[in-house]
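Asks: Annotation source TrEMBL lists domain 'ABC transmembrane type-1' at A:60-271. Marked as transmembrane segment by TrEMBL: A:63-84, A:96-117, A:147-173, A:211-229, A:249-272.
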Ligand SMILES: Nc1ncnc2c1ncn2[C@@H]1O[C@H](COP(=O)(O)OP(=O)(O)OP(=O)(O)O)[C@@H](O)[C@H]1O
Ligand SMILES: [Mg+2]
């Protein structure tokens, strides 16, 4: 009976497999070929050209730096927000709705919002000037102020991307019955202990998903950087874009794309290993 | 001293009143069962005592000290949750040890206590497993062991043995009782199982619709229910309620005249335990039409009617009564409860 029908599940996932194959695997193979070939012959020329470009090392460093700073901060903020919102009774939906507004704004628009705040004639400078802290317009986003530029981009990214982490964490928290926390409380665990020893381990699957998603997205950061810093702050996707558009060199652009993919896959693998989710230990 | 005083506790969820002025005093070291149908507010009351829920009004005192506003961990109690709440990400050992770890007990003591509690509940062989690999009954025992391991002054248990098979439950409850008694633990024990409540408790509190209808020793509650609800809820078969006419302060039961309380009107409800009768000659006894006679081995269960009202009585297995017979019953005067037909409350017992 069950044996006869073992093909049914495969049949059911066939459409999505076909869809993925057509729109994902084919372009992927093409991109890899584009990156690893030269005039129709296999070659590492594109990769070589990419690595020897003056912006390559900077873009790798910047992308990693941004990810390392942004993702943990986002995770912490999201955990705090998620825990807070879980405690709220009435008005919970409204708070969630407001907090997720940045999620609905496209990344380029988000970048432009922060540009209007931080550019020379922006709101931030006006406010500082109004308060008498600065005497004339300060510049935050130029290549002469790399730290300020980095912070500006990081803050914009944190503002833009924390909501998605929070949504996943709230969903995870909802999966944990309140009795676990209550039992811990009865047996003498304070708020910190409850958080570290009970809540956090029980939302591991949500943490894992949120981290994978957020990290992969962080490696793909582009529009916010483009809006705020242009090429003053080169990042990997930005370089791929410039090679493709400005330099019309699809091969090197493809090499960047492949590199980003490899980094993302590696990060995912690291998370899967580091935050093991053992179904046996879930509620 | 860890006596518990529950003083006029009310609890509303929105417009729904889950507890309507519940008062109950539990003495130090006493074992009190909360017995009542589903939804009557047993869990809500336990959660208020534990501090997991805030009462709408009223006071809870543990050891003469009001604990309202005190967080659960400062109330010096342990609890077994109705849905166990055994931590899935910790081994059984760590679950049982949890309370002691929070108290920063030294490893040697943790180990000794865990082994003691696990031994008592027969879960030694699962100590290094994770709870998800355990059956419901096994998990439930982990929850009980976790509560016992901290040797609490006050123990709240919400249907702690509900998932065990009859045999194991009997064994567990006897052992539980022994341990708690020798430790002098003040215990509130929620259960649906009335034999469990009867067997374990010093006193039983019968709850119904957010109200404690009666508190008393098991024998008291069984023989002299305060309300029609209590009589019907406790005992198997439940108490029989027969509405009978009153003449000159007397009720005729066959040839016997039974004195009724002075407060009675023209009619009164006679509350009769099924086994508080014996067979009498038809003319002398109270007439019962037997519809079904079921020999149960240890006794004979008769279902039928008295005064056209349904009743169930129990006779010794040696009697021979068949379905369709009409028999006479002699009632045991001392085991009759008189109730008001209007309020359903029982009258104070009359001197025989
Ligand atoms: N958080 C809540 N919000 C609204 N109503 C609630 C809440 N908790 C309990 N109630 C209601 O209060 C009543 C009492 O619930 P409680 O859990 O105390 O019943 P119980 O006696 O423990 O029942 P059971 O034997 O089925 O466990 C129920 O009618 C329930 O629907
Ligand atoms: Mg309950």
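Each Cβ is built from the backbone N, Cα and C atoms, and glycine gets one as well.
Each of the listed features needs to be described in terms of its position in the shown structure.
Replies: Through the fold, the transmembrane segment (A:63-84) approaches residues 99, 150, 153-154, 157-158, 161-162, 165-166, 168-170, 172-173, 195, 199, 207, 210-211, 214-215, 218-219, 221, 235-236 of its own chain, all at least 6 residues removed from its boundaries and within a Cβ separation under 8 Å.
Non-local neighbours of the transmembrane segment (A:96-117) in the same chain are 81, 85, 123-124, 141, 152, 155-156, 159-164, 166-167, 170, 222-228; each lies 6+ residues outside the stretch with a CB under 8 Å from one of its CB atoms.
For the transmembrane segment (A:147-173), the residues of the chain that approach it from at least six positions outside its boundaries are 62, 65-66, 69-70, 73-75, 77-79, 81-83, 85-86, 96, 99-103, 105, 107, 110-111, 113-114, 118, 140-141, 199, 203, 205-207, 209-210, 213-214, 217-218, 221, 224-225, 228-229, 232-233, judged by C-beta separation under 8 angstroms.
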